[in-house]
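These come from TrEMBL:
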type: COMPBIAS; residues: 652-666; note: compositional bias 'Polar residues'
type: DOMAIN; residues: 341-589; note: domain 'G-protein coupled receptors family 3 profile'
type: REGION; residues: 652-684; note: region 'Disordered'
type: TRANSMEM; residues: 344-366; note: transmembrane segment
type: TRANSMEM; residues: 378-399; note: transmembrane segment
type: TRANSMEM; residues: 411-430; note: transmembrane segment
type: TRANSMEM; residues: 450-469; note: transmembrane segment
type: TRANSMEM; residues: 501-520; note: transmembrane segment
type: TRANSMEM; residues: 540-558; note: transmembrane segment
type: TRANSMEM; residues: 564-587; note: transmembrane segment
Amino acid sequence: MGYNVSYNCQGSANGAAERVARGETDMMIDYPYNQLVNEITPYIYSEEIIDAGPMGYSAQSGFYIPEYTKTYLNALSFGGESARFKQYVLDTFDNWVVFTFPEVVELFAKQNETSIVQGLYQEANFTPPWCNQWNATGHGNNCIDIKSEQVQLDKGVPQQMIMNLKLNMTMSWWGNEGWTNIAQRKVTAGQPFIMKTGYVPSGIFGPSAPKVQRIMFPQYTEECYSNNTASLRGIGSINCDFPVINLRKIATPRIVEPAPNTPMSDWARFFRRLSVSISLLDQLWVSSYTPNYYYSQGVASPNPYSAACDFVRRNSTLWRTWVQNTYTPAERVTWELGTSQTQVMIAFAVIGLVIITGTALLLFLYRDHQVIKGISKVYSLATLVGLAVVVASSLLFTIRNPNSTACSAQLWITPLGLALALGAVAAKTYRIYVIFQGQITTPAMLTDLYLVRIAILPVLVIFITLVVIEAMASPQPEDVVVTTDNKITTYPVCEFNETTYYILVAELTFLVIVITKLAYDARNAPEQFNEAKELGLSMYTFVLAGLVGVPLIAYLRNRNEFDTYYLLIGLFLCLPAVIVTLSLFAVRLNFAVRGFEFEKSRYSANSHVASSHDSKLAGPGSYAASRGSHAVRIASAVAKLPDKVTTVKVEQQGHSRVQSASSSPATHKGALRLGPLKEEPAVV
């Protein structure tokens, strides 16, 4: 049938129901239901265990004697009793009363069993007050010694029977192997003996060996067992025969009540149909012992595999009624990111890296142009490096069968790249903000070195967060198994802690909000320094990508749609980075590449309209005064920087307004000239 089955061997059925309910084992095929009804009933009511029906045979412990014992009984002289009495003894030799007769007791008690038990270890014994301690030589024995296996089997029951029925019997326990050796040696020697066991298969002592007969005691009743104390001293109520044990099949619901058309459905049908008669069970027991054992040495050599194979070969008609294979085994495949998806993700990354690299190259080539000087080149390049890292990190998600190193790289690289890009943008925006909002408290606030702490802070926060995540819940490769119809797909992916994922998203989102606020507050700065529109579009791109991408990617991950999941990761890492790059730098690079005349004509037209309009409303000079207000702010700021600026010159529509700064000619190193029509604006 194609199922893998393992055996969980236990010494007895005690506690079996609990083991099945806990999942230590899935089923038991011969559970003594009526004997352990109190144990299993709660699990049946709670449906943790299902009763799958009878096994087909029952069991009953007892005292057994070989049939050849009648020969010894026939040779006995029962005093003055008639021949009819002897015939009665022979006819009822399997009745417990026969073994109360003194002649019968002496027959068994006086045997010399030294050679029978030689080399064997007696584990325990029981002697009632009216019997002498059993002696292997037979000297001084006044009771029949019953040989048994383990003292824990039917614990205390035979002791109570001996005490309450006043039987002239003692008991000794030799373990499974010792008991089997004694029985075999007795049969081989043809000596009478009585053995106590739970089950004696027919033919266990060999094909030509005599049969064994079970000794009958008063019939079992529940009242008889009402005070079964399991006392090894024989104290209790039992004075009747052993009960017939109803052996039933029990299992977990997963085994016997699976969903239709699932792998376990055929097994459930098989398990319910499984039924073995006592005669077949005898055959299985006998065939599981090596013939050399019970023909000569008498040492059990269990061979259950050979016995099972022999049973299958000889009973195909029977077991075919149990088996019905209707389920087609599921196809097992290991998922890999498709070639087309991989190519698309690589194409996204290549396009993004080409655009970002080209932007960086143009910034370098046109670094002396006035529209490029108006922005911080250091932090512009840092922004591009961060965006390039984000784009390149998408390639990590194309790795097949990722290991722990690849999983950690997926966690680290993208957030650090975003933190670097956003930190650099924050530094640029902060410098414009403090200048045009009059927030300068010290000249050092405008230097690149001072702004490094602003740029590096987001990177440091993300780095610390990642270190904590790595220490507490390091990402690890995981095989996600998904069953669809008749196909089982294994997805080798990286498992990330969902909480830590959202912590990183929250930190980066907060940074985007801060940058947006700074850009908005500095929106009235001169246009050649003002990147509010570009920053606004960039931050809007990040926000939109987060609002759409984060929940969508999480949704696809939870649904195990990994092809689309990885494709969207590549898209949402590369496309926003490209849009942000173009938003921040495309317009300025366009002016720089096409020449300043394009910019000049645009600003001249605007200035002329504004000048005409303002002159009508406020009279001559008012427009120049309003346009000069920004210059006053910059002059106030840069005048505080020693050895940097001596003169601020603002030109408007053909005439100039000069504001002097308080630096001496000796310290003069340059001039800051503002205004859209001048060819060398200040670097802010």
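Note that Cβ sites are derived from N, Cα and C of the backbone, with glycine treated the same way.
Just so you know, TrEMBL annotations never went through curation; they're auto-generated.
Within the same chain, residues 375-376, 379-380, 382-390, 392-393, 396, 451-452, 454-459, 461-463, 465-466, 469-470, 475, 494, 496, 504, 508, 511-512, 514-515, 518-519, 522, 531, 535, 538, 542, 573, 577, 580, 584 sit at least 6 positions outside the transmembrane segment (411-430) and bring their C-beta atoms closer than 8 Å to a C-beta of that stretch. Same-chain neighbours of the transmembrane segment (450-469): 376, 379, 382, 411-412, 415-416, 418-420, 422-424, 426-427, 430-431, 444, 497, 500, 503-504, 507-508, 511, counting only residues six or more beyond its ends whose CB sits under 8 Å from a CB of the stretch. If one looks beyond the transmembrane segment (564-587) by at least 6 residues along the same chain, the residues whose Cβ comes under 8 Å of a Cβ in the stretch are 337, 341, 344-345, 348-349, 351-352, 355-356, 359, 362-363, 380, 383-384, 387-388, 390-391, 393-394, 397-398, 414, 421, 425, 531, 534-535, 537-538, 541-542, 544-545, 548-549, 552-553, 556-557.
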